[in-house]
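Below: the structure, in structure tokens.
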């Protein structure tokens with residue numbers, strides 16, 4: 001079988017879709033990392049966002065309502081990390097573990113209490129996000145499948161990636177944020193309110209991840225199922241590590257995972273058991289992590305993220 | 001909000017853990033109230049379900065794997081390390097125990113011992129892989145332990161779904177293990193897994209308090225650089241500790257498979273969520289073994305009580321998971337519970 005028939009246009013389209021939540025979560029992770037807050041609660045934040053999006057869409061009857069719910073509730077949920085890791089000086093790793101479990105428990109509990117179902121909630125009342133058709137390019141092979149038929153959130157995710165990169169490295173605000181992360185006491189001496197920067201960044205990052213959650217539940221399927229983030233938040237954590245808190249490199253890592261994800265879908269349609277194809281993205285993630293650290297090791301003996309974590 | 005105003009709000013006279021549990025119960029109660037339930041009835045059912053004498057065997061039976069997974073998390077935590085890979089380690093232990101019990105040609109007690117030993121060694125080696133990855137290549141164990149679980153769970157699921165599947169049933173599970181490989185029953189649901197777990201728990205406490213290795217591990221937790229400077233070989237220690245941690249997870253998997261499931265069943269080891277409850281219990285005690293065991297027992301009571309609550313009041317038992325995470329979050333935020341990071 002030739003490569004071209006193996007990778008179909010619709011496969012590319014679904015790959016781009018599946019990258020979006022991971023990309024938004026990774027973007028959130030880089031922002032937090034830059035101001036010196038280690039965020040590994042994205043798994044839980046995506047879940048809260050996905051759930052709130054379904055609730056909002058079901059209640060208001062519009063996808064926009066769902067997206068707004070997702071953003072608002074994920075920001076509220078992120079208050080725990082925003083204040084816990086800064087003002088209250090808690091261990092961010094422990095806080096994030098707690099948040100991930102709280103998100104899993106809370107969404108499962110509310111799913112049962114609000115909709116009376118366990119497992120998966122699907123209802124015609126949940127309005128999904130519309131795919132934007134760009135008529136000018138819709139019929140062009142490949143290009144049409146990559147750029148057309150995508151949700152607004154996917155577009156926004158890539159625009160935000162560019163915007164965050166420019167903001168981070170080309171504006172005074174970004175300079176201050178990086179200063180807060182690199183040397184908080186020096187930044188404080190320069191008159192920057194370190195705590196305020198950290199709290200606001202974590203909350204903004206929560207909004208981004210909430211948006212990713214909305215894409216997860218309203219982008220392709222319009223359902224919520226328990227634990228539907230299914231490790232995407234953790235993959236985003238790895239993307240942040242691989243990209244070393246640089247949004248563009250993290251985005252590149254996300255594309256790698258998207259390709260791996262699409263590959264697993266494709267392998268499954270070739271008749272391989274889904275238990276095996278499902279693990280492809282994680283194996284690719286682990287390999288990428290191993291390779292990147294091997295290379296890094298050659299340059300410098302011990303630059304440990306764990307010391308930071 | 002300035003730090004000063006936060007300090008002013010502290011209640012130093014109420015010990016941290018009871019306060020956190022109180023807050024957890026309060027928030028959980030409000031949640032039940034908001035969703036139209038009766039919190040008093042819910043908590044009463046939890047208490048009866050966990051502590052009424054006729055329910056002790058069930059609570060204890062639930063506590064065996066949960067306390068086991070608590071020790072799995074507590075041991076590395078004592079040295080400031082986090083093992084998030086309990087799920088994968090549990091699965092390897094359970095699967096290896098089932099396969100050993102099915103295919104090793106050994107008589108009765110020897111078969112049990114061999115199965116448990118195989119499970120512990122396999123899980124231990126697998127867990128130390130993540131430690132080796134960090135010491136050799138600098139791959140953060142925090143994330144690698146977790147990520148390694150996904151492929152392991154997937155492969156185990158494939159194995160029992162296809163090549164090792166019991167064709168007599170429609171489910172993804174292995175054949176039943178022979179009677180000779182089943183753990184002897186003490187009474188009711190309790191089997192000698194309980195005794196094995198008590199022995200392991202005692203061994204961990206003894207190691208922590210009375211041995212050079214335990215001392216070195218605590219030193220590492222307080223200040224890894226100091227421990228390294230004082231002559232502790234940190235890399236070897238990390239691999240050793242993770243081997244022990246994984247081996248305990250393997251034992252838990254083996255006890256579940258040989259003691260109550262009698263076969264490896266896809267998902268059966270993971271759906272109860274022992275790994276994460278255990279991790280939270282370990283965090284609650286900051287990695288101190290005795291405290292962690294107590295916390296594990298507490299969470300086990302909470303969860304068996306949760307089953308009773310769901311049965312009697314129709315309030316979903318996942319509420320207990322919310323209680324646990326609220327307690328941990330409160331402790332982490334207000335009292336700096338967690339790893340003593342230098």
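Cβ atoms are placed via backbone N, Cα and C, with glycine included.
Bear in mind that the values here come from a model prediction, so they are computed numbers and not experimental data.
Per TrEMBL, the features are as follows:
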TRANSMEM  B:12-34  transmembrane segment
TRANSMEM  B:59-77  transmembrane segment
TRANSMEM  B:84-104  transmembrane segment
TRANSMEM  B:110-132  transmembrane segment
TRANSMEM  B:139-161  transmembrane segment
TRANSMEM  B:181-207  transmembrane segment
TRANSMEM  B:241-262  transmembrane segment
TRANSMEM  B:274-302  transmembrane segment
TRANSMEM  B:314-333  transmembrane segment
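Note: the stretches the transmembrane segment (B:181-207) and the transmembrane segment (B:12-34) are not in contact (fewer than 3 CB pairs below 8 A, sequence gap of 6 or more). Among the stretches B:12-34, B:84-104, B:110-132, B:274-302, the one making the largest number of Cβ pairs under 8 Å with the transmembrane segment (B:314-333) is B:12-34. Between the transmembrane segment (B:59-77) and the transmembrane segment (B:110-132) there are fewer than 3 Cβ pairs closer than 8 Å, counting only pairs 6 or more residues apart in sequence, which means the two stretches are not in contact.
Within the chain carrying the transmembrane segment (B:241-262), a Cβ under 8 angstroms from the stretch's Cβ atoms is held by residues 61, 64-65, 68-69, 71-73, 75-76, 79, 81, 83, 85-86, 89-98, 101, 112, 115-116, 119-128, 130-131, 141, 176-177, 181-183, 189, 191-193, 196-197, 200, 204, 217, 268-269, 274, all 6 or more beyond its ends.
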